[in-house]
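TrEMBL annotations:
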- A:12-34: transmembrane segment (TRANSMEM)
- A:41-61: transmembrane segment (TRANSMEM)
- A:67-86: transmembrane segment (TRANSMEM)
- A:98-119: transmembrane segment (TRANSMEM)
- A:139-159: transmembrane segment (TRANSMEM)
- A:188-210: transmembrane segment (TRANSMEM)
- A:222-249: transmembrane segment (TRANSMEM)
- A:270-293: transmembrane segment (TRANSMEM)
Amino acid sequence: MLLAEQALNGLQYGMMLFLMAAGLTLVFGVMGLINLAHGSLYMTGAFACAVVAAATGSFWLGLAASLAAAAAAGALVEIAVIRRLYARDHLDQVLATFALILVFSEGTRWLFGSFPLYLKLPPSLSGAVLLPGGLHYPLFRLVIIGFGAAVALGLWWLITRTRLGIRIRAGEADREMIGALGVDIARLYTIVFALGAALAGLAGALVGTIQSVQVGMGEPVLILAFVVVVIGGIGSIKGAFIGALLVGMTDTLGKALLPDLFGQVLDASSANTVGASLASVLIYVLMAVVLILRPQGLFGARS
Amino acid sequence: MRAMLTRDTAINLAILALLVATAIAAHLLGEGFAVTLATKAAIFGLAGVGLNLALGYGGLISFGHAAFFGIGGYVTGILASHAAAGTPVATLPFTVMGSNEMLGIWPMAMLAAGLAALAIGALSLRTSGVYFIMVTLAFAQMLYYFAISWPRYGGEDGLSFYVRNSFPGLNTFAPIQYFAICAVLLAVALGFTAVVTQSRFGLALQAARQNDQRTVAVGIRPYAIRLMAFVLSGMIVGLAGSLYADLNRFVSPAMLSWHMSGEIMVFVILGGVGRLCGPVAGAAIFILLEHVLGGISDYWQALLGLLLLAIVLFAPGGLIGIVTGRGRHA
């Protein structure tokens, strides 16, 4: 029973990581850009949702606002800063997007202060549902799993079945050629960047309801999203999906089970310490193993 | 080319002279705080010099050097706290006692950082490009979470040790004397970097940065060379971490955080990538900005961010690049 609940928690965590990693991997794959400020867009989405939901009383309006705000912030950042960095090396991209994090974080602190905001769930989404097998599970976590699955399906449809998807894939393969064929690359890149930002903003708004909304909330998630992208392989949406579920499950189950597992051989207090320390680094061990076996990630084509 | 080199050398010497002169002047004026700021600049400069070996000369964009900075710090804090308590650090496989002698602590800090760099580098260097950046970042973050979840040495709260470690013949509590120690080590590291980058090893390292395939074609294995550079780089940064721990008499997971990695990288880039004294200038300017902007606004990091952004977008050679009128990498 506990195991089933933890497995669902892991699935929910994985779906949330997928929303983050999908945007990152799209931007890597299409533009070859490393964006450290992706976590700032996640934070933007969470703050937009919290503020609009508090002002209007509607969580759904807040959620829409998170998408709009993150996409707008993404587009703005792309036009003002990011597009000057495509031709630069990764070092410049890292430094510039690191600078953007400082600007976003301190700007948000200036606007909203250092205290966390809290998002209230609408009554229709709060409470628990009884799952087959007799498990009571929070409805909202199931909703997040649903959102993640829907976004995964939607992205798959977008990339494989639409004109925009064809252009995105063509942009990954050869950016000069699609430019020569008459595609407005600058606009395409802005759209892809804004799309990735919107996904991050959605993740931020959803997670903001479980935890709290505060400055700096995007940074731990960003690093986990990097781990996901490394495991899945850069540019692969499928890799991001499978990597995110792997990381979500490993982290959640590790934290739930490892202390007990060590309890079999060690005394209770040291089992807790060792178990908790090991659980906190488990996903990095997973990443190391994947790197040893496949340096380009599970589904990565290029390194 | 010849004239450019001497101009770079002159600027290098001027930067060091300025740092030392600032510290001495502050000491004579009785401004202990300013001496401490100069010490901080020297220590951060040392960390930058260490990273520059991998980043500037080797082209290895490591976003995880806080790992080595933090390990150096934790080795120092752990040895010092055990020395204060009179308990051994470890009894298996052999007994390791605590220590409060810098001369004993530095090699231990560098050894631990070097071993970590060997492990992290061996794995990370299997990848390149964006992967390398993310993998080094992730491994450093792993140590960060490990430090937070390991309560024995303070966990999230960090570890204080109340007495600064000692150095034979010097009073390390006197700010100017501790500055002297840090400045001398910085000078040694700069001399070491100058020698190493002109050695066969250093030239091979720079060749591998410029053209991987040609390096392989002339019979050099880039992996081994890069790993060596990564380890040396980690050891220097570990030494800087040890000095920083002694400066504050405190270590915390913050030394391992990715903000620290970002800052060390900023020192290098602010001053100029792949320039001998670039990181020293960068660290000194960073400390100065932190101090000045911090006095203007509580939100000084936003101003710092905008400034950094301007430098990346409009002055890619760093500040020394502006002075010498030359882009990055000679």
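Counting starts with 1 at the first residue shown.
Each Cβ is built from the backbone N, Cα and C atoms, and glycine gets one as well.
Below 8 angstroms of C-beta separation, residues 8-9, 11-12, 14-16, 18-19, 22, 121, 125-129, 165, 168-169, 199, 202, 206, 209-210, 237, 241 of the same chain, each at least six residues beyond the ends of the transmembrane segment (A:139-159), sit close to that stretch. Most Cβ pairs within less than 8 Å of the transmembrane segment (A:12-34), among stretches A:41-61, A:98-119, A:188-210, A:222-249, A:270-293, belong to A:222-249. Touching of the transmembrane segment (A:188-210) and the transmembrane segment (A:67-86) is concluded from the presence of at least three CB pairs under 8 A, sequence neighbours closer than 6 excluded. Per-stretch counts of Cβ pairs under 8 Å to the transmembrane segment (A:222-249) identify A:270-293 as the leading one among A:67-86, A:98-119, A:270-293. Distant neighbours of the transmembrane segment (A:98-119): 36-37, 39-40, 43-44, 46-47, 49-51, 53-54, 59, 62, 77, 81, 205, 208-209, 212-216, 219; these residues of the same chain sit at least 6 beyond its ends, with a Cβ under 8 Å from one of its Cβ atoms.
Within the chain, the transmembrane segment (A:67-86) has long-range Cβ neighbours (under 8 A, six or more residues past its boundaries) at 31-33, 35, 37, 40-42, 44-45, 47-48, 92-93, 96-97, 100, 186, 189-190, 193-198, 200-202, 204-205.
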